[in-house]
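Annotated in TrEMBL:
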type	residues	note
COMPBIAS	1-10	compositional bias 'Acidic residues'
DOMAIN	34-645	domain 'Major facilitator superfamily (MFS) profile'
DOMAIN	450-505	domain 'Kazal-like'
REGION	1-23	region 'Disordered'
TRANSMEM	68-88	transmembrane segment
TRANSMEM	100-122	transmembrane segment
TRANSMEM	263-283	transmembrane segment
TRANSMEM	344-362	transmembrane segment
TRANSMEM	382-402	transmembrane segment
TRANSMEM	414-434	transmembrane segment
TRANSMEM	529-552	transmembrane segment
TRANSMEM	564-588	transmembrane segment
TRANSMEM	616-640	transmembrane segment
């Protein structure tokens, strides 16, 4: 990318013949440095954003909140953008863009650190369990206390048992810090995309702008790879690692109560984002145009030609000396002009609807893999980072390269974006066939063996709200050892074995172990096909990403470019980024079969979902939104075709008008030259006659 930038810079300065390349060094270096700095900023913001999505289930369990509330937290990032993006995009284009981007990166890092703050304030994580960890003892109190009047939720106070006091319950509201930190992240991210892309488009050749944007966006997709890998690593580590004895933890990363070290990744992401701000402080406000660095030996004709090179005719030069009041007065008329553009409005509607589908799908895809295919959070994040995201990066880069090689115009870019999205839509329909059966959980998805549902454990005083699953020898999971009818237990921690479980076998002498039963036969066969199809669809859909983005830039006047990018980002964040995670989460919540309970009452995080209902709700909502977007594309292509015809007619008319004017000018010049020749001829004759005399 650096070599390409240097080559283009030589071309832009009119010295491709190599006669004098020294004046080109400074702008080339600045453009190269800006491309690298912007790519790193994209990488940093994408890393922290993807890490946020990788910690969704961890945050749900840590703060005991449902999915829709996680959607509110995730959408708070877009709220931060909404607060300032229109003004940053408009005024920022007329100010020092690199320094504004630098300040945004600093705010992003501060917000990321605030997200991790609750871990250092809130108390240790306490999950509900009936398993004791006893030092130097192999015996534990019986899970099923027949005829006891003691509330089992207060059973002997094991280290992991939640306290009956509500004093610490207020600490759970600390998820608000996560929300506020995400809002600050959104505010800081605001200037990076519109100002960065417009800066590249202003100072790069028109034919290479698409390739540069494709390169920057491709590098930015590397961020989610590391973000999800970081999420995978942190999900393996226990949330309070270093502060508790790991031997006392009776759950594994595959358990619905497991919470990983979610806070650690935010600290790492915050440091990386802070480093990304440094290069922008040393970049110039604008790069010199070719006319400002002309060789001294250029003639006036060459200077006139180089000052107005063809590739700069559509570039929008920032008004250096425009006052703030004048810019403010011009804002609303300019916005009215932008919103009066029919093709831009259609494109805006289509992208808003498609981004609703995309954001909702991507936000809950790791959770879908966890719940539907019964994978751990760590493995789901790892697969997203290693398999899915690289396919997106390759698709975006290929899209930019496709525009470069085929030299696609506006209509060509629109057709590529539409075609790739349609093919991806058709392939996504096959996801409905890739299903897994519900987990076998007694009392939730299956009835107990006895005719009377509670006959096998009717003598036990069990809490109906307790969630401490055990796996019986009959390969059926029970909600708790008590509800399995187990009367004795041996061992400690993860090695605890429950005996005499009346619900596991008729004889009453069957055993059960901690955790879910590994029911993965059908899912193990289907999961590789799901991953393969997911990679293919991700590549095809992202192939149209860069052409679609360049269509947005080219479909409006150059003077409206920065505002169009900013308003597009504003609309997509307001109408897609904020609501999509919320209503996707709310619909997913309706498929929950067993809710966790908070210490002081109320629903907590979901423990188990209806797999079939989850699949239909998640995939059905995603594809329904895409269907609507395709319908809206039809009038969009009609309006675009009309616009291109009108522009072609206008250009032809202007060409003819300019041709007539130039012809008249040439005739006048020819007349002047003829008169001059006659005068010279007369003068020469007069001189000759004088000499003869």
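Each residue, glycine too, has its Cβ placed from N, Cα and C.
What TrEMBL says about a protein is an automatic prediction, not a curated fact.
Remote same-chain partners of the transmembrane segment (616-640), defined as residues 6 or more beyond its termini with a Cβ less than 8 Å from a stretch Cβ, comprise 342-343, 346-347, 349-350, 353-354, 356-357, 360-361, 364, 368, 410-411, 414, 418, 421-422, 425, 428-429, 431-432, 555, 584, 587-588, 590-591.
In summary, the transmembrane segment (529-552) lies against the transmembrane segment (344-362): three or more C-beta pairs, each 6 or more positions apart in sequence, are under 8 Å. In this chain, the transmembrane segment (263-283) lies close to the transmembrane segment (100-122): three or more C-beta pairs between them fall below 8 angstroms, excluding pairs fewer than 6 positions apart. Break the domain 'Kazal-like' (450-505) down by DSSP state and the numbers are 6 helix, 12 strand, 38 coil.
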